[in-house]
Amino acid sequence: MTFSMRDLDQALQGAGQKSGIEIWRIENFKPVTVPQESHGKFFTGDSYIVLKTTASRSGSLHHDIHYWLGKDSSQDEAGAVAVMTVELDSALGGRAVQYREVQGHETEKFLSYFKPCIIPQEGGVASGFNHVKPEEHQTRLYICKGKHVVRVKEVPFVRSTLNHEDVFILDTESKIFQFSGSKSSIQERAKALEVVQYIKDTYHDGKCDIAAVEDGRMMADAEAGEFWGLFGGFAPLPKKPAVNDDETAASDGIKLFSVEKGQTDAVEAECLTKELLDTNKCYILDCGLELFVWKGRSTSIDQRKSATEAAEEFFRSSEPPKSNLVSVMEGYETVMFRSKFDSWPASSTIAEPQQGRGKVAALLQRQGVNVQGLVKTSSSSSKDEPKPYIDGTGNLQVWRINCEEKILLEAAEQSKFYSGDCYILQYSYPGEDREEHLVGTWFGKQSVEEDRASAISLANKMVESMKFVPAQARINEGKEPIQFFVIMQSFITFKGGVSDAFKKYIAENDIPDTTYEAEGVALFRVQGSGPENMQAIQIEAASAGLNSSHCYILHGDSTVFTWCGNLTSSEDQELMERMLDLIKPNEPTKAQKEGSESEQFWELLGGKSEYPSQKIKRDGESDPHLFSCTYTNESLKATEIFNFTQDDLMTEDIFILDCHTEVFVWVGQQVDPKKKPQALDIGENFLKHDFLLENLASETPIYIVTEGNEPPFFTRFFTWDSSKSGMHGDSFQRKLAILTNKGKPLLDKPKRRVPAYSSRSTVPDKSQPRSRSMTFSPDRARVRGRSPAFNALAANFEKLNIRNQSTPPPMVSPMVRKLYPKSHAPDLSKIAPKSAIAARTALFEKPTPTSQEPPTSPSSSEATNQAEAPKSTSETNEEEAMSSINEDSKEEEAEEESSLPTFPYERLKTDSEDPVSDVDLTRREAYLTSVEFKEKFEMTKNEFYKLPKWKQNKLKMSVNLF
């Protein structure tokens, strides 16, 4: 028997179709919708269904169903609401996770929906309680527990209730007191302050005083005296007796039971493996305090209901009492459930239909069949390339590691790495309101441990000398993040290495030296999404390394070949031409097309053999997960924080943001100085433990980010307010300051000076001839047998570019302006005459020499500048010109936004039958009218653009605008 949405109670029909929270209260065994303004209000005599719908980065919807049982609700109602959740899950496709939530023992995920807390009120529908607020305020005492989410419970208003370990809130008619036990943590005190604010706003209409009382303050403190006076005077608090909390109660081990016709039978096995679970059955997994129900995909809805009812009975009769009951469907098991098994296979990914078509298309095209339209080309897939969230016009310096020293590379060699070596890069670039810095280490696959250790040590010293301002990155060959490629722009990886440690290692182990030689045989695979992100990777010179979806460069002693797979696009081939200009400039080439190769080509590759056709793709970025970490004696404990915000980042702690393709380690300002240097170890341990069982590779990029210096590619995961990290004190002191100072920070953090970046700059190298690798133009001479049509394509692909890299050209066309909205060329005719002359003069000024050593810190740089002689007239004029240009650029940007044409939604959506032409396809929403925008997104444009980019993209996906 199948169960569809129309079989549900009318109140539940249509649920779970968009992101958000939906709540139903059970009245007379029927669900009744709870209005949004009442979300978070629960009554002890009632039961509720809470549905959380989340849109993933892929655009699919994920559902979590919780049924909450008040302490005074009946068992019959609990059973009825449990069955309703099974029906709702079936109607939603049978993929939801179901949670049984008991008042006082709610899961952290459930509590995270209703931050800062829930405070259930007495009464309910069955008791006839009318939910009317009492006329007189009643003094109440609450205990607060939790560092990340707060569990609030009303306790007797007597002095003996207080203790040294916990945080308490005393709510009186005119003032709210927070009492912090001397042994309570700073994080618990800070979180309790959020509850104080909630009580003030909810029960006092925001009109009452707040007082913080610390354990140990005597009557001499006025607020402490007032607090103790409410308890009849001060008296020493007794020591809290040691008790076994539910969370620490011992279990008798994990037991598995099969459920048939409502009866449970133990499953005997030496160890738990997935093979014990039959897809035609349901099971109960007893884990002591936790209880799981597993439902096979082939089970009927009646079987699932029966298993749920059996689990409810199992739950009620257990000793000691259970805390949580979670139901999962086969194929959609939670991490917690899978972790209970000794053996659980990695999730097998189902091949996409597109990949299957790719193999067929390659085979047919080799036979001369036209396969246009059968597969998507790389130009369409390039749209899926993640955004870098980093400016590509900054200053770059690169050092190669040789034992314990670092050697600065010349500008022309900065993007050419050897697989047997290690490198350090320092990159400074303009941020939104300050100069941003990144110090990274790159480890080649063949590099030796000695060089890796030296690279980490030297990079740490660089970051320390800059007062820990830069973000720090650990990058491994083959797992480079998009930010790295945008910084390098045209990146080449050669086989072998040149460091002394590498040479010594291969000599001692009799390993052949395969280090790249310009005159030898070498094969390069070309990849990337555009001129700002392209790579040439040297691979084994064998035909098995070819791929129908890629372009290649092959050179021998005196011959250069290019090879284009049949599934490559014109953009792929253009990238190959660009990389060819870097690897073998000014040399004639022999173009080879798949299926019509010459014998000489195959001879260089050692003969012809089979090779794949599927495009080598990067792992996709997943939805971010935030973890709070403690690291003692090389043992890492990580606690996930659900539905996280910036406020969850506590200054005393270290957090990890896991995005699957990259991991961020965030270090708070108040973290113990002895633990700050362990940040990289914490990140590496996190990869090793793989807490989400997502098969994290040990080579996954790790970023170390310090509080107050978060780069844009980190803050994009939050709705970020930079002023919050500009406050003094610990988490408790900061939040208390916000409460008592009407939300104003104690101290505005000074902004770092933002230098003017007109183009990508590096250490100048006059000894090197100007490379022609990035100088395509309409007038470029034909080379390597290019046709006029190809040269025209090259001209359109590149445009004339003064920095020979990836930034937009100075004079931008309307289409280019859409692609590069932040890049503007100044129109000197619009600048005041004096400023225009200064700008022209500045072009002839000698460039300031670039230091080849990393700056010690922004503050020390400013101090040095102040000590220098007064600026020359030309320098002053240049600054005035730049200031004028920047102002004009801002005005131009504002005018551009306001002057965009508007189009109907039906013409802008991705599947439109009458699509609009000549619009920026990455910003379709910008062309909606204000009325239609608010109708589709349920918010204004200003509110929308304040959201993190990934959240904007999620919303755009949900309305077919991305």
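Using the three backbone atoms N, Cα and C, a Cβ is placed for every residue, glycine included.
If you look up Swiss-Prot, you'll see 29-79 marked as repeat 'Gelsolin-like 1'.
Summarising the annotation, Swiss-Prot assigns repeat 'Gelsolin-like 2' to 150-190 and lists sequence analysis as the type of evidence. Broken down by DSSP into helix, strand and coil, the repeat 'Gelsolin-like 2' (150-190) contains 8 helix, 16 strand, 17 coil.
Confidence in the repeat 'Gelsolin-like 3' (262-305), given as mean pLDDT, stands at 93. Here Swiss-Prot flags 262-305 as repeat 'Gelsolin-like 3', drawing on sequence analysis.
The repeat 'Gelsolin-like 4' annotation in Swiss-Prot covers 396-453.
The repeat 'Gelsolin-like 5' feature in Swiss-Prot is assigned to 534-574. Per DSSP, the secondary structure of the repeat 'Gelsolin-like 5' (534-574) breaks down as 8 helix, 16 strand, 17 coil.
Counting residues 6+ beyond its ends, the repeat 'Gelsolin-like 6' (636-677) has Cβ neighbours under 8 Å at 108-109, 112-113, 115, 147-148, 186-187, 190, 194, 386, 460, 468, 481, 618-622, 624-630, 683, 685-687, 689, 691-692, 694, 696, 700-708, 710, 714, 717-721, 724-725, 730-731, 734 in the same chain. Positions annotated as repeat 'Gelsolin-like 6' by Swiss-Prot, on the basis of sequence analysis: 636-677.
Annotation comment: Swiss-Prot describes 749-785 (among others) as region 'Disordered'.
Taken from Swiss-Prot, the feature compositional bias 'Polar residues' covers 758-776 (among others).
Residues or ranges marked as phosphoserine in Swiss-Prot: Ser777 (among others).
Under the heading phosphoserine, Swiss-Prot lists Ser787 (among others).
If you look up Swiss-Prot, you'll see 845-917 (among others) marked as region 'Disordered'.
The annotation compositional bias 'Low complexity' is assigned in Swiss-Prot to 845-862.
Marked as compositional bias 'Polar residues' by Swiss-Prot: 863-875 (among others).
Per Swiss-Prot, the feature phosphoserine maps to Ser883 (among others); the stated evidence is similarity to another entry.
Summarising the annotation, Swiss-Prot assigns compositional bias 'Acidic residues' to 889-898.
Sequence annotations record features per position, and here Swiss-Prot assigns domain 'HP' to 897-962 based on sequence analysis.
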